[in-house]
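So that you can see what the record holds, here are the features copied from Swiss-Prot:
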type: BINDING; residues: 14-20, 42-44, Arg305, 331-333, 413-415; note: GTP binding site
type: ACT_SITE; residues: Asp15; note: active site, proton acceptor
type: BINDING; residues: Asp15, Glu16, Gly17, Lys18, Asn40, Ala41, Gly42, His43, Thr130, Arg144, Gln224, Thr239, Arg303; note: IMP binding site
type: BINDING; residues: Asp15, Gly42; note: Mg(2+) binding site
type: ACT_SITE; residues: His43; note: active site, proton donor
type: BINDING; residues: Thr299, Val300, Thr301, Lys302, Arg303, Pro304, Arg305; note: substrate binding site
Amino acid sequence: MNENLLMIIGSQFGDEGKGKFVDLLSNQFDYIVRYQGGDNAGHTIVFDNKTFKLRLIPSGIFNPRNRVVIANGVVLNPITLLEEVKYLKSNGVSTDNLYVSDKCHVIFNFHIEMDKMLEELKGSKKIGTTNKGIGPCYTDKVSRVGIRVCDLFDFNVLLAKIQDNLQIKNVLFSRYGKQIFNPYTIAKQYYELGQQIKPFVINTVALLNYAYERNNKILFEGAQGIMLDIDYGTYPYVTSSNVIGLVSSGTGLAINKIKRILGVVKAYSTRVGSGPFVSEIEEENLAHYIREKGHEYGTVTKRPRRIGWLDLFLLKYVVTVSGISEIAITLIDVLSKVQKIKVCIGYKRNDKQLNYMPSSIEELQKCEPIYEILDGWSEDVSRIKSYDDLPLNLKRYISYIENFLKVRVRFVSVGPDRNQTIIKDN
């Protein structure tokens, strides 16, 4: 097993607390690499007794020993990047260790407007996008009309590409009564943005391959969660990129297989926006209690998250398709004082138990959960430092998870701070 490479991924619908473990483990690595997604997924990190909320810059930015890389698989909004750089610097955090791929596709303001318009036109069938332009930018990428960071530095090249890109978009904007975009105005704005981000821009493919050849330690930071993966998630209620298998194509680092994959699992389930959610808690008072105690509101959208019981049937599927080798359990402290804790161990439809994860969204929406009920615990666990000192029923809960998934739990998080993390298994 190559211990120099670690991938950290969310194992549910996002918002699992990945950023905490990137921050926690960053001291052991030379490079922290974001390889997919955009500024649609926020991550929260508590550093130096301050809470930071970022959408684009990787969590490793708080450790000056790390080289923090936004690789080519990311779609980049330069406005967000500059806002976060300013935000970090104003709080005493250096961004001298930040590197941005010149191959990143750029999110323009017309992508954001297209995102909003398409969602509006769907009416009651809207997916619940964050309206950050992610989908339209990825659409341009696969349609071969996308504009990359390297295109921002030559005004004439940039203008020509924007003119080509807006030919069809402006027709659609006009058709649906929206404002059309002036290519020259857009080119001028984004050329200037390009000059501002230029100090961070580098050929990250060469940078990462050089690091790999020198046996530097590299941590890959995933965004969103596997059940939002465009191929393996609850399509179409998913993000626009692959959460799992994009490391090689999203970084340019030809790795046959990363053997060490840390899956971050929330002790219960949450989901933002529309889409099937089999283990959703129907008792609104209990869902409200967990939502408030766990501060379950979107980092980017501020929308209240839907609350559900831990879905082990779903997680078994996630482990199968992702190759997760170890687990970090987060927000276990939120479940303190919940007397009876349900875990979903299977799905049934028409009273028939399923032995597979349905691909059809229509079938999934008709599924009912099969629950096992476990005893809860009343103790406050937020100050406990040793696994042995955790309440017996909490340890039984974790053992149940391990036995069901056949994957070891390595970390147990009992609070948001870095020091509120128990190492169960070295």
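Each Cβ is built from the backbone N, Cα and C atoms, and glycine gets one as well.
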Which of Arg303, Arg305, all binding-site residues, has a Cβ with the fewest other Cβ atoms inside 10 Å: Arg303
For Asn40 (IMP binding site), the number of other Cβ atoms found within 10 Å of its own Cβ: 28
Candidate binding-site residues Gly17, Lys302, Pro304, Arg305, Ile332, pick with smallest Cα gap to Asn40 (IMP binding site): Lys302
Integer Cα-Cα distance in angstrom, Asp15 (active site, proton acceptor) to Gln224 (IMP binding site): 7
Binding-site residues near the residue listed as 'active site, proton donor', in sequence order, restricted to Gly17, Lys20, Thr130, Arg305, Ile332, Val414 and a 10 Å Cα cut-off: Gly17, Lys20
Most crowded position, judged by CB atoms within 10 A, among Gly14, Gly17, Gly42, Pro304 as binding-site residues: Gly14
For Asp15 (active site, proton acceptor), the number of other Cβ atoms found within 10 Å of its own Cβ: 26
Residue among the binding-site residues Thr44, Gln224 whose Cβ has the most other Cβ atoms within 10 Å: Gln224
Spatial separation of Ile332 (GTP binding site) from Pro304 (substrate binding site) - C-alpha basis, Å: 19
Intrachain C-beta neighbours of Val414 (GTP binding site), sequence separation six or more, cut-off 8 angstroms: Ile332, Asp333, Val381, Ser382, Arg383, Ile384, Gln420, Thr421, Ile422
Rounded inter-Cα distance in Å - Gln224 (IMP binding site), Gly14 (GTP binding site): 4
Cβ packing number for Lys20 (GTP binding site), 10 Å threshold: 26
Whole-number Å value of the largest CA-CA distance among Asp15, Glu16, Gly17, Lys18, Asn40, Ala41, Gly42, His43, Thr130, Arg144, Gln224, Thr239, Arg303, listed as IMP-binding: 34
Rounded Cα-Cα span from Gly42 (IMP binding site) to Gly14 (GTP binding site), Å: 9
Inter-residue Cα distance where the pair is Lys20 (GTP binding site) and Lys302 (substrate binding site), in Å: 19
